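As recorded in TrEMBL, the features of this protein are as follows:
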- B:32-211: domain 'Glycerol-3-phosphate dehydrogenase NAD-dependent N-terminal' (DOMAIN)
- B:Gly37, B:Ser38, B:Gly39, B:Ser40, B:Trp41, B:Gly42, B:Phe126, B:Ala194, B:Arg310, B:Lys351, B:Gln353: NAD(+) binding site (BINDING)
- B:Lys151, B:Arg310, B:Asn311: substrate binding site (BINDING)
- B:234-394: domain 'Glycerol-3-phosphate dehydrogenase NAD-dependent C-terminal' (DOMAIN)
- B:Lys245: active site, proton acceptor (ACT_SITE)
Number of protein chains: 2
Amino acid sequence: MAPFITKFEPYEPEEYVVCEKSGTKSPARLEKVAIVGSGSWGTALARVAATNTAEQEGFDPEVRMWVREQEIHNGKRLIDIINEGSHQNEKYLPDVDLPENLIAVPSLVETVRNASLILFVVPHQFLPAALKELKASGVVNPKARAISAIKGVDVVIEKDAAGKTTQADIYTFPSVIEKELGIPCTALGGANIALDVGRGEFCETTIGVPSAKDAALWHAVFDGPKFRVHPIEDVAGVSLSGALKNIVALAAGFVDGMGLGGNTKAAILRVGLLEMAMFTQDFFPGSSSFTFSHHSAGMADLITTSFGGRNRKCAEAFIKSKPEYAPAGTVTNGKGKTFLELEEELLNGQKLQGTLTAQEVFDFLEARGRLEAYPLFEKVYRISFEGMDPKRLFEDL
Amino acid sequence: MAPFITKFEPYEPEEYVVCEKSGTKSPARLEKVAIVGSGSWGTALARVAATNTAEQEGFDPEVRMWVREQEIHNGKRLIDIINEGSHQNEKYLPDVDLPENLIAVPSLVETVRNASLILFVVPHQFLPAALKELKASGVVNPKARAISAIKGVDVVIEKDAAGKTTQADIYTFPSVIEKELGIPCTALGGANIALDVGRGEFCETTIGVPSAKDAALWHAVFDGPKFRVHPIEDVAGVSLSGALKNIVALAAGFVDGMGLGGNTKAAILRVGLLEMAMFTQDFFPGSSSFTFSHHSAGMADLITTSFGGRNRKCAEAFIKSKPEYAPAGTVTNGKGKTFLELEEELLNGQKLQGTLTAQEVFDFLEARGRLEAYPLFEKVYRISFEGMDPKRLFEDL
């Protein structure tokens, strides 16, 4: 039905060794999974992966997850809580039991050592430092494969001495990871609120992976009866959708903050999805509009994020913090709060991706002289950072 | 960007007459709008149309709306309340002021007499009788045009004496109206919860109308700054989407009733939208999948209905009425309620469209031997009417 689906055969180890004495056949080597990141989404994916590797032939059951030494929860090290305490990530994914073969490791380098399959799932502001450390350490197996569940884009704008833009480029994180580490990187994204995935509720996700062999591998790592993985060819589309949807989710939060209803929100989502698809096809011509219209990484993810995600939540609070939109009886500071203040207040240490992406995409489109083709993206930026009246969201759509 | 958009020039009266004395130019004849139906959605659309006809050259400002004599609210005739009382449809669209040029008329025939533009917006169970009465009266102007905002399909199954199906056909309501009345009929649908439209919140709608001239007319009747109308060529797609989305909305309500989260709902919506598009293209080959993926009548309407509509609401109540899913502390009747009981209890006289459509579509697919291609549609029917465990919704999707 939906084009660009990657065809693959179920995963099987490539080579086996046979024990001369007993005749037992076993895989010649084991795939080993590492998780770079331990926020709510990283932990939820780590749980899925560790559950699968414990049960499948060809995988080392131990999955390592990078948890910073200094992550503290209720006075204890998060690493100790995960490895020796409740076996939960009490800070970012509370009340979800993690399998014992998922090991929290304080060192990034030790997390990745010997891994053949590396998931990157850090907030996008933290990726450059992580890649630099990994590259310098020489620990990354040149035959390893990476997958990115990072929500964001890498925008590079060069200016001359007079401040005039000389070049503006945009990269997906899979391409950044490929370039820095010299290993192939695919993308994962879908309608996945971390806590619901952690609780084992039914959902779908999309992996952008053109190689049939790699599709089989990543499918084996993540697919299960309650977490259905669909591989498609479009790496850029999956990665960009995960980034751009957060801009639209901010618009959805503005709608909620203004107290408008489901019709308005659905209209914003429809226009937003079209801008997401158009942006991706404009700047990544090999990508497919089907990724947005047909797959979990597209419309389904946008729906979930725009009704339940943290960008929506902070954007609603942003509008309601303004004196003219504050609910009756609430006291405001007289001018509204900034997104930085709201992130601090509402997110318990998690980072907001949408505002950063809105700014980067705005800067990129402005530098390329293409803002007028993306009125929703432009307005989300101006409402977020330039004090534009949120009512103007609906003009020229 | 989105294909199959109908290109049209803004509406202008075709002919003018010029007063010999004063030289004043005025349209040779006026378009006159009639609304067949006065439920919440009919009243909301009537309000939009009457607001526009009052302000535009070429239209008779008076818009007639059919309200049955026996519609009573708080002991008063609804007709009197609308025409002489609060000027609100207090029963079906409370707290929304209706323009004084919108006149409630108890006779269907008098509503339609002299009309050149007729909107049909009755529950689909009531359409055959209305068409029969109109046809018998001879009141329909043969040059009139119709538009259908009815949510449903017309399924005709013929069986032989032994009860074996000999023929199974499906028709859209625009085609039924065209056939019965001998006038062209287009379709209207979109992300439109009646009360939000009534309140004047921003939203979009789609009109399926291949003729540029008719597109201009219907656009003039309905479009406004807060109700944006986009004409596309695909009549069948717009009409079918409005019917089939209600089946998916029932599934969304089941998800809510089971207490599952946004990921699960988004997955159901994604699969549901694919089944909607596939069904339409299977049985109406001239239709376009873009109607579903790109337009308000497709994905946006599905989102709105699946989060806010009455089908979702009753489906959630249906699950929660079952002893095994009842929230802690509530008393059930020990076996759950039927949809008929819930319609009675929750809808204040409005009709539920989704369960009827689910049944008709199931009967049609079964008669055609095509059920296995539509697992979600099939399961919604079986959960609704055959006691299937709602947890099985996620199997084979």
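The backbone N, Cα and C atoms fix where each Cβ goes, and this holds for glycine too.
Automated prediction, rather than curation, is the source of TrEMBL annotations.
Feature map: TrEMBL annotations on the structure.
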residue  : record                       : Cβ neighbours (10 Å)
B:Gly37  : NAD(+) binding site          : 23
B:Gly39  : NAD(+) binding site          : 19
B:Trp41  : NAD(+) binding site          : 25
B:Phe126 : NAD(+) binding site          : 16
B:Lys151 : substrate binding site       : 27
B:Lys245 : active site, proton acceptor : 33
B:Arg310 : NAD(+) binding site          : 23
B:Asn311 : substrate binding site       : 26
B:Gln353 : NAD(+) binding site          : 23
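Following the DSSP three-state reduction, the secondary structure of B:Phe126 (NAD(+) binding site) is helix. Taking every pair among B:Gly37, B:Ser38, B:Gly39, B:Ser40, B:Trp41, B:Gly42, B:Phe126, B:Ala194, B:Arg310, B:Lys351, B:Gln353, the residues recorded as binding NAD(+), the greatest CA to CA distance is 19 Å. Per-residue pLDDT, averaged over the domain 'Glycerol-3-phosphate dehydrogenase NAD-dependent C-terminal' (B:234-394), rounds to 94. For B:Arg310 (NAD(+) binding site) paired with the residue listed as 'active site, proton acceptor', the C-alpha to C-alpha distance reads 12 Å. Closest by Cα distance to B:Lys151 (substrate binding site), from the binding-site residues B:Gly39, B:Trp41, B:Gln353, is B:Gln353.
The residue listed as 'active site, proton acceptor' is 10 Å away from B:Asn311 (substrate binding site) when you measure Cα to Cα.
With respect to their backbone Cα atoms, B:Trp41 (NAD(+) binding site) and the residue listed as 'active site, proton acceptor' stand 16 Å from each other. In the three-state DSSP scheme, B:Trp41 (NAD(+) binding site) is classed as helix.
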